[in-house]
């Protein structure tokens with residue numbers, strides 16, 4: 001410390017003799033200066049004086065050299081100082097001891113100096129003192145050059161980065177990772193993710209627009225415009241429907257205002273009923289004209305939008321046999337009724353409990369026809385086994401439990417005789433039992449509503465057929481015969497470690513008892529067309545009987561007016577058999593999708609002892625819920641085939657005309673015999689000795705005389721000579737007037753009798769003319 005204060009005290013004395021000294025500058029050592037610094041430590045440098053013009057003093061912290069200098073920052077005295085190693089501390093203090101004579105720098109320069117201090121790495125600051133040990137005091141660089149150096153360094157760094165990027169791009173190009181864009185007029189920028197999404201949305205809109213153009217008008221689901229927007233009705237008819245709807249609304253508003261219930265008058269004309277609008281039973285005007293409308297229940301399903309008809313045997317039991325016949329006629333005609341587009345109003349008609357009078361089908365056939373061959377499926381396999389119906393019934397009894405049995409299904413057998421590879425036989429007694437029902441009597445393939453006129457029931461190509469299904473169920477693998485789900489043993493230990501028996505090996509299998517969507521058809525090739533179907537359901541009981549009927553089938557039926565759209569959406573192949581027309585199973589998700597597109601459907605549950613009727617163009621799918629034996633057949637209704645009905649009527653007319661012709665031939669033969677008998681009578685008058693009592697005997701029994709004449713074989717006599725004979729006889733025999741009057745009266749009576757009873761108009765006219773001519777000639781001759 002004493003040395004420090006002595007140096008400070010000696011400083012003013014030296015000021016007068018020596019010129020002002022610049023402050024020491026701490027320089028960042030470059031690798032070239034490191035050697036010089038090491039040599040300077042060994043050999044201390046001496047003070048070197050140079051001219052003012054040679055070197056320019058470097059400013060540090062915005063300050064110049066001595067305090068007496070009045071020039072700019074670049075014109076101060078350029079003097080470099082060096083100190084020995086021992087006097088470093090004193091020199092540093094001396095260099096910092098002249099703050100009073102320095103000029104105040106500007107504010108931006110102070111900011112620059114602060115930034116420079118922060119960037120320095122070589123030197124350190126302790127309590128405001130700069131360490132300069134072992135470092136020579138070289139001239140400091142100006143701030144402008146420092147800024148320029150910094151800019152150059154930044155530029156160099158940027159260039160290095162660019163070079164690195166270029167090298168990386170070249171490497172990627174060589175590896176093929178970067179695709180080169182061809183420069184030219186057709187150069188397009190790469191699309192962004194947003195542009196791609198916009199393009200996808202535009203494509204979807206175009207597709208929807210095209211689908212909308214395929215349909216003439218998009219289907220609307222509003223209650224008020226649903227019928228109009230379907231595109232199936234003309235504008236004139238739409239206006240009529242609007243007017244009818246307005247009248248209906250006014251009518252029902254009036255009914256709501258009245259408290260008394262009045263009877264609705266029966267309408268002569270049945271109005272058009274549109275099922276596209278949700279309606280209730282009492283709103284359907286077509287039911288008002290029916291005699292048994294209180295026994296018909298119409299169900300409109302809000303989810304699917306389609307309607308169906310129900311009738312219950314418990315309510316029909318009160319009817320007499322004659323009334324039952326009339327009710328069956330009304331019910332069948334209502335189920336198969338269609339609009340002007342040939343689309344049925346209802347998707348199905350069901351008579352619940354109408355087959356209770358029939359015996360259990362399996363029991364009946366296994367007891368009465370035990371050796372009848374049938375084809376039986378095997379669970380879990382596609383193989384088919386041929387066995388007898390009694391053996392099949394025994395397997396059903398052995399595996400039956402609570403509505404299902406665990407055996408294969410029985411394939412269809414024909415009940416009207418087997419043809420080619422078919423299985424079945426002709427069972428006339430069973431068919432007679434079916435015909436006892438008034439509903440089935442009308443709707444069998446040869447029924448009263450059918451357009452077919454079969455000579456024998458064996459000629460039917462439309463059924464009936466019978467089959468048995470076990471019901472959809474989950475079956476354990478242990479109960480499956482020769483289970484196909486066996487684990488494949490592998491020698492790989494890694495796979496064995498990943499083996500999870502619960503996940504990889506199924507312990508039970510789903511047995512799907514389903515018939516995919518299809519439509520009933522008749523004919524082949526270009527003559528193939530849709531038709532109606534009728535079915536009878538009898539549940540398999542096997543001694544277990546319940547009071548309430550069991551659900552046997554879950555059915556989905558699509559509206560007949562949406563037939564073409566359903567075929568397009570479900571990709572139906574209508575030329576395939578019913579089991580393979582559709583590839584996919586229509587579940588709830590698919591139904592909701594179809595409903596959003598305007599397609600109507602109905603979900604139906606069929607019970608034991610039900611008889612159901614399905615109109616044409618109704619696509620339907622079945623799922624067997626419990627074990628059931630089914631009967632089904634196709635019916636060609638007269639309303640579906642008006643041409644065949646017309647041909648049948650013409651055939652009937654031809655038969656009646658042929659019958660009339662045979663009768664006319666018989667009458668003509670009788671007439672010829674009668675005419676010959678009259679001529680013989682005239683010829684007999686040639687004899688003048690003939691007695692009148694004989695003529696009176698013929699007059700009293702005219703029919704007997706004609707029969708006697710008909711039985712006698714007389715020679716053929718031409719009319720010309722007989723007329724000559726009559727002339728001669730009547731010219732000779734003119735005196736007997738009473739005999740002449742009696743003959744005229746007998747001829748008139750006989751001619752009137754034949755004209756009224758036996759002879760056709762054409763024939764009678766010819767014979768009447770000849771006889772009248774004879775009579776007139778006789779009168780004139782007299």
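Glycine too: its Cβ is placed from the backbone N, Cα and C atoms.
In the three-state DSSP assignment, the secondary structure recorded for residue 612 (2-oxoglutarate binding site) is strand. Sequence annotations record features per position, and here Swiss-Prot assigns 2-oxoglutarate binding site to 515, 612 based on similarity to another entry.
When secondary structure is read from DSSP and collapsed to three states, residue 520 (Fe cation binding site) falls in the coil class. Annotation source Swiss-Prot lists Fe cation binding site at 518, 520, 620, citing similarity to another entry.
According to Swiss-Prot, the feature compositional bias 'Basic and acidic residues' maps to 14-26 (among others).
As annotated by Swiss-Prot, compositional bias 'Low complexity' applies to 30-42.
Swiss-Prot lists 62-74 with the feature compositional bias 'Gly residues'.
Here Swiss-Prot flags 101-113 (among others) as compositional bias 'Basic and acidic residues'.
The compositional bias 'Basic and acidic residues' (149-160): residue composition by secondary structure is 12 helix, 0 strand, 0 coil, according to DSSP. Per Swiss-Prot, compositional bias 'Basic and acidic residues' is recorded for 149-160 (among others).
Residues or ranges marked as compositional bias 'Basic and acidic residues' in Swiss-Prot: 167-177 (among others). Residues of the same chain that sit 6 or more residues outside the compositional bias 'Basic and acidic residues' (167-177) yet have a Cβ under 8 Å from a Cβ within it are not found.
What Swiss-Prot lists as compositional bias 'Basic and acidic residues' is 185-198 (among others).
According to Swiss-Prot, the feature compositional bias 'Basic residues' maps to 199-222.
If you look up Swiss-Prot, you'll see 657-669 (among others) marked as compositional bias 'Basic and acidic residues'.
Summarising the annotation, Swiss-Prot assigns region 'Disordered' to 1-223 (among others).
Among the features that Swiss-Prot reports, region 'Disordered' is placed at 645-669 (among others).
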Under 8 Å by Cβ from residue 612 (2-oxoglutarate binding site), counting only residues of that chain that are 6 or more apart: 348, 349, 350, 351, 534, 535, 537, 606
Shell of the Fe cation site beyond 518, 520, 620, same chain only (C-beta within 8 angstroms of their C-beta centre): 517, 519, 533, 578, 581, 614, 618, 619, 621
Euclidean distance between Cα atoms of residue 515 (2-oxoglutarate binding site) and residue 620 (Fe cation binding site), Å: 9
